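Student: Dropping the structure in here first, questions after.
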Amino acid sequence: MGRGCLAALLGGAVAVAVLVAVVHCAVTYDKKAVLVDGQRRILFSGSIHYPRSTPEMWDGLIEKAKDGGLDVIQTYVFWNGHEPTPGNYNFEGRYDLVRFIKTVQKAGMFVHLRIGPYICGEWNFGGFPVWLKYVPGISFRTDNEPFKNAMQGFTEKIVGMMKSENLFASQGGPIILSQIENEYGPEGKEFGAAGKAYINWAAKMAVGLDTGVPWVMCKEDDAPDPVINACNGFYCDTFSPNKPYKPTMWTEAWSGWFTEFGGTIRQRPVEDLAFGVARFVQKGGSFINYYMYHGGTNFGRTAGGPFITTSYDYDAPLDEYGLAREPKFGHLKELHRAVKLCEQPLVSADPTVTTLGSMQEAHVFRSSSGCAAFLANYNSNSYAKVIFNNENYSLPPWSISILPDCKNVVFNTATVGVQTNQMQMWADGASSMMWEKYDEEVDSLAAAPLLTSTGLLEQLNVTRDTSDYLWYITSVEVDPSEKFLQGGTPLSLTVQSAGHALHVFINGQLQGSAYGTREDRKISYSGNANLRAGTNKVALLSVACGLPNVGVHYETWNTGVVGPVVIHGLDEGSRDLTWQTWSYQVGLKGEQMNLNSLEGSGSVEWMQGSLVAQNQQPLAWYRAYFDTPSGDEPLALDMGSMGKGQIWINGQSIGRYWTAYAEGDCKGCHYTGSYRAPKCQAGCGQPTQRWYHVPRSWLQPTRNLLVVFEELGGDSSKIALAKRTVSGVCADVSEYHPNIKNWQIESYGEPEFHTAKVHLKCAPGQTISAIKFASFGTPLGTCGTFQQGECHSINSNSVLEKKCIGLQRCVVAISPSNFGGDPCPEVMKRVAVEAVCSTAA
């Protein structure tokens, strides 16, 4: 960061008694990098989306990102959150964009603002407001005047806000980059010439807003000048910009993957993520953004998909709750430090590539400022011994070593020296709740319908996304002489729906349910139809589970019951109900009465006592009160005993829950070889999401109102509030582990050997209470499964206990003298340790 920009950013960070001059920062680019005040920069960035956390979390998240070695915070701008109805804007609470950007500025960091306004992001309707679908004549993301007018209006609104607050770097603010559109390349091919015209218009419109900072388009090879095209993906080392005078930028380095209800948790090993980043840098990449760095939570009904979970954890370096995910956070922090040591050669010279073996090579950057080298082993199966500058180096499989002086290794992507945190959800029993219940009214449906229509209506056209729920209600007359009433073959009902979930009621009784999937959100329901003689009420509850967030022609997408709806087995054969008269009710009665709110929950009589647990029927509202647990650990609700529905705390929506069990392949994972989303799966046979984040800032000290709407039926007595804490820490470090401090000292002409060390650290308020495993020698296994190898020092446990028990953090040198002697001379040794963290009394 240039001195002028740094002064401007920090000028807003502290209250001082003198005026701080606004320093205008010039942000430009050339083929090597983004230039800030004329200085080429290697920039590490991380995605943190402001609506996916609370304003009270922003300071801590951004400070941790800065501590992790980031320079930039990247965020989308969420159109449907900011303009829920045409011309009515919301920039409050979690949507206070200006406050978020100023929080980044206060931390002395930059911002990459992705205005879009299409964002994808597994966010409801891709960030578009649903009302946009009903603008006459609209066609999304193509050369269409109604769409372009709306898009330009919102883009101008956001840019105008940023300018009025002096938030662009050209005004002394932190925003150094902006983005228009998002991942248009695949969609643009669908539109042909109209798509090309649209993307040219979008670029010209954005540049014409005169922000004074560069604009970016990601996954758009045809981005017109001066807009920079950038890469998204698990790897981007083969990417090149579309013009030789543009920098090589990676706007989304996927740190993990999103999760869908019914799917497994997708994890990306940090060794592979670090390898991908180092490989990008050695090929000339100079801007890297982790998507996500903190994923956060899809509060309310903001999750897209459909079927995207409420948790947007993304296996990111900072987990859903804002805690460091180790070793991912720490290992990437060391990577950033190592790359920054090479910054001047990297931005000053093109690499010289030298072959070191059949699958090994060196990328060397030489300039007047020094020499830096990246030694790569692309073999995913075996170590490689290579000679570089007449020195011998050992490279683990699928790894890159970084040498800031072309001599000393300070970092290897596959050699993890930081600790691993073992996390737990701890319920202390103090949060047990007394539950009350209120049954959603089904019998009175259609008494006062919103509307009636001949035939079936598309769900969004009726609800306008004001609720997930829409009732389709009709009647069926049955003659008393029907054979099925005299013991004949039972009737059946089939329903075709565009998704996403369907509950079928006949005469107030649940007949069955059906669900789509992300791959095929359409539903084909087939089940018994328990009709009786006379008039029967058929009520279909269609449930949206997040609107799709990716694809083309948003204006044509359908949700809800589309038909046909057919009764089978009558004496007449089949009776098609599709074109009967249908009545519609938007939302639930409980929603209309605001049962989720402090005021509304007092407007009805709630069932109390033992009847609540005994009567686990569908479409039920549950209510309980609880006091806020002590401490400052993040909180979560255990919903594993429930089925499917929504949760509110003090009137604010936690999000959708669904105890759908994960199906997949969880046979294990190794970091080597190209990563793809199905590669490393976890959670098979368990609920995809069991725990739901409860922000502490939403709570009051006592009598917090918890309301749950349950669609299917569940046991509310087992819902519990828990704290997310560190239960233990592990480390596994070689006595020859690369050390950045070694190189820094040696580079100043005083070579000095520094022993590798094991660092253990519990969470604040905790101490190390026990050593479950310790071995100095050749231990086997990984965290949680360590065991002694052929070589083991008998003093291992006692040394670790003496150094660590009773402390929050400890450091243990890896040397024979520290362990009372060398248990196996001439053998490379390691220390593996697993320690227990306990809350201090």
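Placed from the backbone N, Cα and C atoms, the Cβ positions cover glycine too.
Annotations for this protein, taken from Swiss-Prot, read as follows:
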SIGNAL    1-25  signal peptide
ACT_SITE  E183  active site, proton donor
ACT_SITE  E252  active site, nucleophile
CARBOHYD  N392  N-linked glycosylation site
CARBOHYD  N461  N-linked glycosylation site
DOMAIN    752-838  domain 'SUEL-type lectin'
Student: Counting across all protein chains shown, how many other Cβ atoms sit within 10 Å of the Cβ of N461 (N-linked glycosylation site)?
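Tutor: 14, counting other Cβ atoms within 10 Å of N461 (N-linked glycosylation site).
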Student: Report the mean pLDDT of the predicted model across the domain 'SUEL-type lectin' (752-838), rounded to a whole number.
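Tutor: PLDDT averaged over the stretch: 95.
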Student: What is the interatomic distance between the Cα atoms of N392 (N-linked glycosylation site) and E183 (active site, proton donor), given in whole Å?
Tutor: 44
Student: By DSSP, what is the split of the domain 'SUEL-type lectin' (752-838) into helix, strand and coil residues?
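Tutor: Result for the domain 'SUEL-type lectin' (752-838), in helix, strand, coil order: 13 helix, 34 strand, 40 coil.
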Student: Can you grab the distance from E183 (active site, proton donor) over to N461 (N-linked glycosylation site)? Cα atoms, rounded to a whole Å.
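Tutor: Rounded to a whole number, the Cα-Cα distance is 28 Å.
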Student: Just name the most isolated of the active-site residues E183, E252, going by other Cβ atoms within 10 Å of its Cβ.
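Tutor: Minimum Cβ neighbour count within 10 Å, taken over the active-site residues E183, E252, occurs at E183.
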Student: Between the Cα atoms of N461 (N-linked glycosylation site) and E252 (active site, nucleophile), find the distance and write it as a whole number of Å.
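Tutor: Cα to Cα, N461 (N-linked glycosylation site) and E252 (active site, nucleophile) are separated by 34 Å.
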Student: Which number gives the other C-beta atoms within 10 angstroms of the C-beta of N392 (N-linked glycosylation site), all protein chains shown included?
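Tutor: Around the Cβ of N392 (N-linked glycosylation site), 8 other Cβ atoms lie within 10 Å.
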Student: Look up the residue listed as 'active site, proton donor' in the DSSP assignment and reduce it to helix, strand or coil.
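Tutor: Going by the DSSP assignment, the residue listed as 'active site, proton donor' belongs to neither helix nor strand, so it counts as coil.
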